[in-house]
Amino acid sequence: MKRVTVIGAGLAGSEAAWQLAKRGVQVDLYEMRPVKQTPAHHTDQFAELVCSNSLRANQLTNAVGVLKEEMRQLDSLIMKAADLASVPAGGALAVDRHDFAGYVTETLKNHPNVTVHHEELEAIPEGPTIVATGPLTSAALSESLKQFTGEDYLYFFDAAAPILDGDTIDRDKVYLKSRYDKGEAAYLNCPMTEEEFTHFHNELIKAEVVPLKEFEKEIYFEGCMPFEVLASRGPKTLLFGPMKPVGLEDPKTGKRPYAVVQLRQDNSAGTLFNLVGFQTHLKWGEQKRIIRLIPGLENAEIVRYGVMHRNTFVNSPNLLQPTYQTRTRHDLFFAGQMTGVEGYVESAASGLTAGINAARLVNEAEPVAFPKETMMGAMAHYITTTEGKNFQPMNANFGLVPGLVGQTGRMKKPEKYALLAERALEAIKDFTDM
């Protein structure tokens, strides 16, 4: 009987297990939660979203939007769950995190080809295996992986934003609007005057953070930089970043505020909201104090505080092939954020590729590397060919794919991106029947 072990039921591991199971392969899916928890998880559900509830842009003029559509073409479980659990978010795809994880969990637990083991694996097993344990891999398995790779992990710090009780937001002081009125009005906006912003910034840069351990250097991924670190770079960093007011005119005044804090719906009932871009490592008391300086949030109750955790990843250029197989053991695959792809969708996409290729391997077919013209292929190529000493995690972006042939120099970005998207989706068609 053809069997594959998948370690970790996060986004990547869940997607890999689904791709294997739907191809008739028996899957042993190991997830140590709830027997052993991580510093960032709160539930025992598969594919739990530990940071934002947003899977980012949904349009084909955005690289991650193209990646999502490629995955839909390949019957992605994660994308199906996201589409079913979506909540209003303008031009983005955001989800009710409970419904999303619940759908993934039930689908896999009820699949006849999936056997779930709630236990910790402390060493890499023999036989076809996909390691998708994520950036918070347990200490014992980390040691086993270090022995296999022969080198220490690389790492950076990741942070999550607080989530608020929607009933404690003063609706008289906030307004519903998406930036530039793109899509449906999906964000609650808290406008600030210059005086309010200056006071807020001054208090934020004085706020106490949770100290790192002595041996940990502060290395952050720019896409998930703690809010207080951004603030320390100067007030304009916030005004041109998460608090930029452009395209968010206040309907009461018809004018653009000096600064805006956006709140994104976090569940389908619309009772919870997260603060967009407010991932933080402030002490909990400080989080409450700082958030209550924001107009409309003076009495806001925090239902989940922001946290920061250390994310580890392997040196994929030295370790992996574009098929996500290891270079030295062809029946061992890695997938997810630990490979250096950064983001929910990117992690799931790597699991999709690893799952397809592990299924092909046990069925004695040659594993495939997706074309570099596709976003899935471009990411796999990037993480496996970048100069090892300069390797850092990467989001999906159009800079990873080959340029268009011909005269594109004067082409506007939306037009160029539309052509790149069309090319990618045409290229992925050859792989939809695998």
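Cβ atoms here come from the backbone N, Cα and C positions, even for glycine.
A quick note: this is a predicted structure, and the numbers were derived from the prediction, not measured.
According to Swiss-Prot, the protein carries these features:
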BINDING   GLY8, ALA9, GLY10, LEU11, ALA12, GLY13  FAD binding site
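Here the features listed in Swiss-Prot are placed on the structure.
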residue : record           : contacts (Cβ under 8 Å, 6+ apart)
GLY8    : FAD binding site : TYR30, GLU31, VAL131, ALA132, THR133, GLY134, GLY336
ALA9    : FAD binding site : ALA17, LEU29, TYR30, GLU31, ARG33, PHE46, ALA47, THR105, LEU108, VAL116
GLY10   : FAD binding site : PHE46, ALA47, GLU48, ALA132, THR133, GLY134, GLY336, SER347
LEU11   : FAD binding site : ALA47, ILE78, GLY336, TYR344, SER347, ALA348, GLY351
ALA12   : FAD binding site : ALA132, GLY134, ALA335, GLY336, GLN337, SER347, ALA348, SER350, GLY351, ALA354
GLY13   : FAD binding site : VAL6, ILE7, LEU29, GLU31, PHE46, ILE130, ALA132, THR133, ALA335, GLY336, GLY351
